[in-house]
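Reading through the structure tokens given below for one structure.
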Amino acid sequence: MSSLLYTLRDKLADPAIPWRSVILAVVVSVELWESWVAGRQRPYLSPVLHPRIPSVLAPYLPSDSQETYQKSQAYARDKLNFASVLSFVDVLETLILLGGIAAPVLAYLGFSAGGSGWSLLKGLWDVSERLPFAKCGEIWHSCAFLVLTTVISTVLSVPKEYYRNFVLEEKHGFNKMTRSTFVKDQVKGLAVSLVITTPLVAGIIKIIHWAGQDAILRIVTWAIVFIFVFQIFMLVVYPYAIMPLFNKFTPLPTDSPFYAPTKELADKLSFPLSKIWVIDGSIRSSHSNAFFMGVPGLPKHIVLYDTLLERSSPAEVEAILAHELGHWKGMHIVYLLFTSLVQVAFSLATFTLFLTNRPLLSAFGFHSYTPSYSTEALPEKFTHLLPPSSGPTIIALMLASMLFSPLSSVLKFVSNFISRQLEYDADAFAAKLGDSYAKNLKKGLVSIHEKNLSLYDVDPLYSAYNYTHPTLVERLGALDAKLGDKAGKAE
């Protein structure tokens, strides 16, 4: 296996490969693919082509659901149109980043912006070198580059997010966010992003330096171990240190009509419940949700959105929680961690093929690069693995991720398929608790669907590519099939 990877790496380092053209073509091709998939969904949003609720859903819905159906179509149309514009803008930004059209501006500001194959990516790398801590080695320079690009990305995203919340969501009655909360969220989000991604990227680069850029299997093995530990750490830290930065958690009062059914369900399933929390999701949106949090083997917490409690009956919330606890009983978090690590391993193996690819880096202006980190501390048996002037590791990883974006699209189908199977499994778990759970789960799903103006009618390919959950039709059908209860439809 390793010899095959080394052979492939050497072939990919052929100077005759026009890497700039290849990556730009890949970026545009992925955009065209996703636009085509989105285009398949548009007929389902047309009040002319799909004027009425799908007949298979009609028995489950209240008699006045036709109006809600039309509202859901309008909401979905606006979201799809906005997503299409965002996708086009993102591609345009990528083309500018990889192209040389910003060279005159950077040159005017006094930064090096010339030479064959120059790109804005190279310009930003040069700019980041002027940050105070960037002189301390490649890892610090990479962190400076990450800070710079993350800040720029956040600034560019502010108008998009503002439109999403205060125009699109507001138009359809979902936005509850104030402009003050919006600004605070942007600042907090930027800080959290830097706190999480900077040590992660620094750790991966450190592993590559330690293992040697040529040691593919060594890099993949230790990087997977590092990422796994990092994921476990985030599972512990995120609910307790990060989520409270954005939302207020309030203990569910013991005299609430939702408390006793929730506690009894947890006891019935031997769920290690510590506390039941209500989260103030209503300060941002009227969308609703419920979930549990906690690391396997330790006490757990159940979290209910205040919007869910306002719109659902205690029996429906209990059934929805039975679904969520089905994820716990089935150890779905462990499965998802494992599948994510498999994807990470595959991605790392492909990324390492380009760590020493000088033609790839030269195509974007990185013609010569002497690593600023010291190799003197490395054991002598590893120093020969460090090829000179190979290029910044973080840049090679970025370019490789763009190059393999079509592969990411394929993996998206796979990860969505796995996620959807786990959702079916959790639904089946709730149904096995009794007919009342199955019927109330169906009612709860329909209620959430209606209140969130989620789509009733979805193109199969669009759903497979974009949805981590089965559609409402699929979930209701699976519940009926599991029960053998074709008559168990909403009264």
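Glycine too: its Cβ is placed from the backbone N, Cα and C atoms.
On a predicted model such as this, the values are computed, not experimentally measured, just so you know.
The domain 'CAAX prenyl protease 1 N-terminal' annotation in TrEMBL covers 53-248.
Residues or ranges marked as transmembrane segment in TrEMBL: 95-119 (among others).
Residues or ranges marked as transmembrane segment by TrEMBL: 139-158 (among others).
Through the fold, the transmembrane segment (189-209) approaches residues 138-139, 142-143, 146-147, 150-151, 154, 219, 222-223, 226-227, 230, 234, 242, 245, 355, 373, 378, 386, 393-394, 397 of its own chain, all at least 6 residues removed from its boundaries and within a Cβ separation under 8 Å. Per TrEMBL, the feature transmembrane segment maps to 189-209 (among others).
Under the heading transmembrane segment, TrEMBL lists 215-238 (among others).
As annotated by TrEMBL, domain 'Peptidase M48' applies to 262-481.
Under the heading Zn(2+) binding site, TrEMBL lists His323, His327, Glu423. Of all Cβ atoms in the protein chains displayed, 21 besides its own lie within 10 Å of the Cβ of Glu423 (Zn(2+) binding site).
The active site feature in TrEMBL is assigned to Glu324. Cβ neighbours of Glu324 (active site) (same chain, under 8 Å, six or more residues apart in sequence): Ala290, Phe291, Phe292, Ile302, Ala426.
If you look up TrEMBL, you'll see 333-355 (among others) marked as transmembrane segment.
Listed by sequence, the residues of this chain that lie at least six past the ends of the transmembrane segment (394-414) yet keep a Cβ under 8 A from its Cβ atoms are 19, 22-23, 26-27, 29-30, 33-34, 94, 98, 121, 125, 142, 145-146, 201, 204-205, 343, 346-347, 350-351, 353-355, 357, 360-361, 364, 366, 464-465. What TrEMBL records for 394-414 (among others) is transmembrane segment.
There are 25 other Cβ atoms within 10 Å of the Cβ belonging to Asp427 (active site, proton donor). Secondary structure at Asp427 (active site, proton donor), taken from DSSP and collapsed to helix, strand or coil, is helix. According to TrEMBL, the active site, proton donor annotation covers Asp427.
Ranking the binding-site residues His323, His327 by how many other Cβ atoms lie within 10 angstroms of each Cβ puts His327 at the bottom.
Each residue contributes its Cα atom, and for His323 (Zn(2+) binding site) and Asp427 (active site, proton donor) these two points are 5 Å apart.
Excluding His323, His327, Glu423, which define the Zn(2+) site, the same chain contributes Glu324, Gly326, His332, Leu422, Asp425, Ala426, Asp427, Phe429, Ala430 within 8 Å (Cβ to the Cβ centroid), listed in sequence order. Across the fold, the C-alpha of His327 (Zn(2+) binding site) and the C-alpha of Asp427 (active site, proton donor) stand 9 Å from each other.
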